[in-house]
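A.B. asks: Mind having a look at this structure? Questions to follow.
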Amino acid sequence: MSSLLQGVNLYLIGMMGAGKTTVGHLLAKELGYGFLDTDNVIAQATKKSINEIFAEAGEAGFRQIESDVLAQVCSYTKLTVATGGGIVLRRENWSYLHHGLILWLDVPVDILYARLAADTTRPLLQDDDPKGKLRSLLEQRTPLYSQADLRICVNAEETPEQIANKVMQAIPSVLKQTASN
């Protein structure tokens, strides 16, 4: 698999709570790649939590920092990168993401909500109707997420290991398509 990928980065996109970080770690280990979570890189670089950045700079300020981090990350190879759920919202980010293979972890709202219900660290979910907010965000982002090279549909019974296996099995078909185009 590593020889097929030739060091190309994997970028995991999808909603908050989709499992990008967990699955990303597993994929990195399987491939012998490094692993980065853009939200963690942002928090380390700014010495602030994502909530603090949202509170101080707003979503637009956070998205700019996120784009700056992604611009730097895409110059490296052999990385599996878990991105923030809204990274797809800025057109400039797509030019960075296209330096690698883009994997969409597509998770239904009910599963996302079950995973995130007790999480108070998500600024976009500080809402009177967090499930409705999730549904709205997913509807807004689905046309963008669907531009990924590979869509992995996740169901409630699947473990992170099973999802990572699904990704590993699907990657060769996408790379063959890319190579033949």
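Glycine residues also receive a Cβ, built from the backbone N, Cα and C atoms like all the rest.
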A.B. asks: Say Swiss-Prot lists Asp39, Arg63, Gly85 as binding substrate: which of Arg141, Arg151 is in the same site, per that record?
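C.D. replies: As annotated by Swiss-Prot, Asp39, Arg63, Gly85 share the substrate site with Arg141, chosen from Arg141, Arg151.
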A.B. asks: Could you check which of these binding-site residues, Ala18, Lys20, Thr21, sit within 10 Å of Gly85 (substrate binding site), going Cα to Cα?
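C.D. replies: Taking Ala18, Lys20, Thr21 one by one, the ones whose Cα falls within 10 Å of Gly85 (substrate binding site) are Ala18, Lys20.
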A.B. asks: Given a separation of at least six residues and a C-beta threshold under 8 Å, show me what packs close to Ala18 (ATP binding site) in the same chain.
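C.D. replies: For Ala18 (ATP binding site), the qualifying residues are Leu12, Gly85, Leu105, Asp106, Val107, Leu112, Val154.
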A.B. asks: Across all the protein chains here, work out how many other Cβ atoms are within 10 Å of the Cβ of Gly17 (ATP binding site).
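C.D. replies: Other Cβ atoms within 10 Å of Gly17 (ATP binding site): 21.
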